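Asks: What Swiss-Prot shows for this protein is this:
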- 12-32: transmembrane segment (TRANSMEM)
- 68-88: transmembrane segment (TRANSMEM)
- 97-117: transmembrane segment (TRANSMEM)
- 138-158: transmembrane segment (TRANSMEM)
- 164-184: transmembrane segment (TRANSMEM)
- 200-222: transmembrane segment (TRANSMEM)
Amino acid sequence: MNENLFASFTTPTMMGLPIVILIIMFPSILFPSPNRLINNRLVSLQQWLVQLTSKQMLAIHNHKGQTWALMLMSLILFIGSTNLLGLLPHSFTPTTQLSMNLGMAIPLWAGTVITGFRHKTKASLAHFLPQGTPVPLIPMLVVIETISLFIQPMALAVRLTANITAGHLLMHLIGGAALALMNISTSIALITFTILILLTILEFAVALIQAYVFTLLVSLYLHDNT
């Protein structure tokens with residue numbers, strides 16, 4: 001019997017209980033807190049990447065926005081490491097679950113919106129009505145801007161889910177095609193396998209890029225509200 005194409009996206013269970021919580025906690029092991037005075041190469045590389053990313057993320061923020069630095073860095077490290085671990089064979093990628101991505105996107109989006117209404121109430125309300133709007137269009141524009149505001153967390157979650165899921169499905173299909181072609185034509189199977197390797201390299205880049213894009217959009221939402 002052929003394996004279900006979406007079997008790899010099913011939440012794994014142990015004795016009937018989902019173990020996704022353990023899987024989500026696993027990436028934290030990859031970033032240990034060093035106890036030595038002199039860091040090794042891996043820790044130094046991690047610190048350099050964090051400093052480089054934090055400079056790019058926080059350059060546009062004022063002092064109030066920079067208080068979110070730890071949250072943003074933790075977010076990009078968590079999503080990036082989770083996406084990369086999901087590329088390992090026979091592994092599970094939590095970021096292919098829309099429910100989990102919504103669980104990250106909605107609280108972060110709500111936090112930025114609440115921050116804006118608490119500290120910049122007039123400016124936040126002004127976003128619902130662009131300056132110079134004709135009076136007859138005011139009700140319609142308010143409704144449109146309200147809908148666009150509430151669509152933001154959904155767009156965050158769907159973008160991450162769709163990109164990660166599409167890559168995994170494509171790798172699954174090309175890998176299955178390479179195995180099927182081995183009995184038909186070895187040369188075509190080798191070409192297909194080469195395409196699979198190139199796609200895998202591309203998926204490594206996509207995993208990191210999607211983590212950066214997700215965090216960058218949260219950072220931009222925060223910038224608009226601080």
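Backbone N, Cα and C atoms are what each Cβ position is placed from, and that goes for glycine too.
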Asks: Counting only residues 6 or more past its boundaries, what in the same chain has a CB within less than 8 Å of a CB in the transmembrane segment (97-117)?
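Replies: Distant Cβ neighbours of the transmembrane segment (97-117) are 9, 11, 20, 24, 64, 71, 75, 79, 123-124, 149, 152-154, 156-158, 160-161, 214, 218, 221-222, 224-226.
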Asks: Under 8 Å for C-beta pairs, could you tell me which stretch among 68-88, 164-184, 200-222 has the largest tally with the transmembrane segment (138-158)?
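Replies: Checked against 68-88, 164-184, 200-222; highest Cβ contact count belongs to 200-222.
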